[in-house]
Amino acid sequence: MPESQDLLAASAARARSVSNSRNNSVSEGRSSRDGSMSLPSSSFPPAGDAQLKEKLLQWSHESGTSTKGQPLQGLDGGTWDDQGNYFHPLTPSELCPRTYFHILGTVLAACSFSIVWISPSPFTSPTSPPAILYYSAAAGIFNCGWAVVQVNHLALITDLCSSDSLRTTLTSRRYGATVVSGIMAYALYYLLIGAQEPRGEESEGKWRNLAVIGLALGGVCNVCFWGAMSRHCVRKEGGMNKAGEGEGTRSDLEHEDMMRRLREEEGMMEALMPPNGRREEGAEGAEGAEGAEGGGGWEGDEGGGKDLAAPVRVTSYLGWLKTGQFYVVGVVYMATRLLINIVNVYITFFLSSTLQSSAGSVAVVPLAMMFSSFLCTQGLSERMNKTMGRKGSYLAGSSLVCGACLWSNFVTPSTSHMVYGIAVLFGVGTSVVMVSGVSFVNDLVGNNLETSAFVYGCMSFTDKLCTGAVVLAIQQRRDGLCKDEGEDGCREFVRDVMVWVPAASALLAGLALCWVKDRRK
């Protein structure tokens, strides 16, 4: 196919030309009177370069060229261009809207976190109405800030790449980083508090030190992230159509014209996927039978056939509210987050109250759970999604979680050493279901980048609303049953929570999967 090779060569030459002109512009604007480095606006890619990069990524992905590291570099501070990039001071013009909102959410979360954990309490009684109102407001601000951070960070996954397999990789790496932060928190807890009983005035200063260290580490990581994203923001301009401006995009038209000419010359029957996931009707019809014979699996699954049906095009928020799959996937994601949150919250109560473990075990067991989750994110969850499909990997992870719940029902203080096996099952199971659950949302978003933040925001809202309601109901039930922490009924109630709530959440998600449609159908 000489014409396709000429097109690829021309695209590569254009990329080199843009990179060279960018470097020249950078060198011209590098110096200022105070000796600091300043970048002119011309040093950033002009309109249309995002489409060029996306087209090259799609071409190399479909032709078998390895592109696994490219979107990963965009998320962790790498580069789309050559190695001449650098970290430079931030200016407002270099930040995209997602980064602005990420900064806003981080500031809100950090300030409210400091109010609760670092600053001295202005109240003599923590249960007085003013104190309850004060800390409730701080908790509300923290959750708003965290929601803004989470939504914008999740939306970056769909911004950085359009390949389902690469989005799964990004999701897995993102969850792995989340697990690492949890491991660091428990490790700091163990080092600072150790075997000391974590209650009482003598440990108050250590808890404050733990909060300060965590806040400082988080701040450093966020500043590095903002600096990296100033070079990797996705600017929707040029060929990307805006909501309500029609169905076609420039990249669609270029792809369809190219494939039409290639078919006329070479008799090709299989089309490459264009940047926004659309395909010509002829290509879909030609491959429909092959995809149907390929068996199960989602788009991007290596073992699931080649028929890659185009996602639904949604151009408005109201359009999502009229889409049935929006609610079905929302139930799956909500149940997934509820399962993980309940396990993470009540595992410490299960250790300290039900199994009467030492303070050291309260830190070590969750650490083992998170370490197993981290190992799972380093390839296992991705391979499961590729070989078993989204639904298969989710059901496998749910089975591990249910097995851990069943095991928790039989462990006693005399056999508390078995809790490490339970922690490993919980760690691997929650990691698999989390990666698969977010991947379902990524598949739902598809290439509707203009409304992706709305989708992630709704998913995050339902997750937090459901988790808050369930935890509130659990605590109210506990207050009615437990008059004393040492009562047998109180200890067994925590066991029941660890056994039944995660298992019920996994069952709910499994039932909802029956209505999640494969995009190939």
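The chain as shown is numbered from 1 upward.
Glycine is treated like the rest: Cβ placed from N, Cα and C.
Listed in TrEMBL:
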REGION    1-48  region 'Disordered'
COMPBIAS  9-29  compositional bias 'Low complexity'
COMPBIAS  34-44  compositional bias 'Polar residues'
TRANSMEM  100-120  transmembrane segment
TRANSMEM  132-155  transmembrane segment
TRANSMEM  175-195  transmembrane segment
TRANSMEM  207-228  transmembrane segment
REGION    273-303  region 'Disordered'
TRANSMEM  326-347  transmembrane segment
TRANSMEM  359-380  transmembrane segment
TRANSMEM  418-441  transmembrane segment
TRANSMEM  497-516  transmembrane segment
Stretch contact, the transmembrane segment (359-380) with the transmembrane segment (132-155), Cβ-Cβ under 8 Å, 3+ pairs: no
Intrachain residues whose Cβ lies under 8 Å of the transmembrane segment (132-155), provided they are six or more past its termini: 98-99, 101-102, 104-113, 115-116, 122-123, 126, 174, 438, 441, 452-453, 456-457, 460-461, 464
Interface-richest range of 100-120, 175-195, 326-347, 418-441 toward the transmembrane segment (207-228), CB pairs under 8 Å: 100-120
Sequence-remote partners of the transmembrane segment (175-195) [C-beta within less than 8 Å, at least six residues beyond its ends]: 203, 206-207, 209-210, 213-214, 217-218, 344, 358-360, 363-364, 366-367, 370-371, 373-374, 377-378, 431, 434-435, 438
